[in-house]
Amino acid sequence: MSLRGKNVTVHDMTLRDGMHPKRHLMTLDQMVSIATGLDEAGIPLIEVTHGDGLGGSSVNYGFPAHTDEEYLGTVIPKMKNAKISALLLPGIGTVDHLKMARDLGVHTIRVATHCTEADVSEQHITMARKLDMDTVGFLMMSHMNGAEGLVKQAKLMEGYGANCIYVTDSAGHLLPEGVKERLGAVRKALKPETELGFHGHHNLAMGVANSIAAIEVGANRIDAAAAGLGAGAGNTPMEVLIAVCSLMGIETGVDVAKITDVAEDLVVPMMDFPIRIDRDALTLGYAGVYGSFLLFAKRASAKYGVPARDILVELGRRGMVGGQEDMIEDTAITMARERGLKV
């Protein structure tokens, strides 16, 4: 089908999902440099927070170089056209965090839950709407729920007041057919005025293909990150997505050359290691494991002598989901003991 002339809002993840491979240690100067570059390139919406959202600073998830208030308060005044969003996971972020973000000028709040637990988002979505924010319901790990189940969860979030619903491939596990099945069903079930979004990861190199598949069935918000900087093998690479959209006639309002320069000149030099599909990132996608588990598994591997790939496969077998990072070390210890390794 032709998508020529279709308008899509691209939402940048470099400064939020990209915090995972940076161990949440981006400097304020790095944040401002990349955000202003994205703004200049025409990116309309940029997410800025700890990798695990507002309030994510903790022993479990990692301590950032600066507070959410410092990151947001530094970046927002520098924006000429782009709006700033923030992620919030109920149980990590609170209503007070939400109000703080709004007072600092955050435009969009994305309330994220596991794809079967939308009911825990009611308080935060309701409050965000009362504060007149662009309010997004964000269903994570969507490969773990079928189309019918996702429809029920999406309708809950819409009922709480969300004006946009995201179906999120947190593990980079879905293929285009699975994306179309899930997002197509959700699109048909939502009110016409409720927007639909897709967030992809590149663990099986499907980020761009899945994003186009999502657009084909009605998604009009698409997440991506410059140079793919994000958890696992990264998010959908923004510069590649923009180039493909341009070739297909999909309107994003983003300059291909400028976003490519942001990726090449600003983001790649900042990487602590190459964001690529190595064997462990591939295992994330293949086994359907939450993307931010990757570095935790690698650290546990170095500590206990169990290959990270084996740990990730076991986490997938156990059905571990985002928020259970503390179980990764426990799993590695159990596996090491079973293999007769010294713990």
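Cβ atoms are placed via backbone N, Cα and C, with glycine included.
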Swiss-Prot Mn(2+) site partner of His199, His201, selected from Asp12, Asp17: Asp17
Swiss-Prot annotation, substrate site containing Arg16, Asp17, His199, Tyr290 - matching residue among Ser2, Ser33, Ser170, Ser211: Ser170
Whole-number Å value for how far His20 (active site, proton acceptor) lies from His201 (Mn(2+) binding site) (Cα to Cα): 13
Surrounding CB atoms that lie within 10 Å of the CB of His201 (Mn(2+) binding site), all protein chains: 32
Residue among the recorded positions Arg16, His20 whose Cβ has the most other Cβ atoms within 10 Å: Arg16
Cβ neighbour count (within 10 Å, all chains shown) around Ser170 (substrate binding site): 31
Under 8 Å by Cβ from Asp17 (substrate binding site), counting only residues of that chain that are 6 or more apart: Glu47, Gly51, Ala225, Leu229, Gly230, Ala231, Asn235, Gly291
Chain-internal residues, separated by at least six, CB under 8 A from His199 (substrate binding site): Met13, Phe138, Tyr166, Val167, Thr168, Asp169, Ser170, Asp223, Asn235
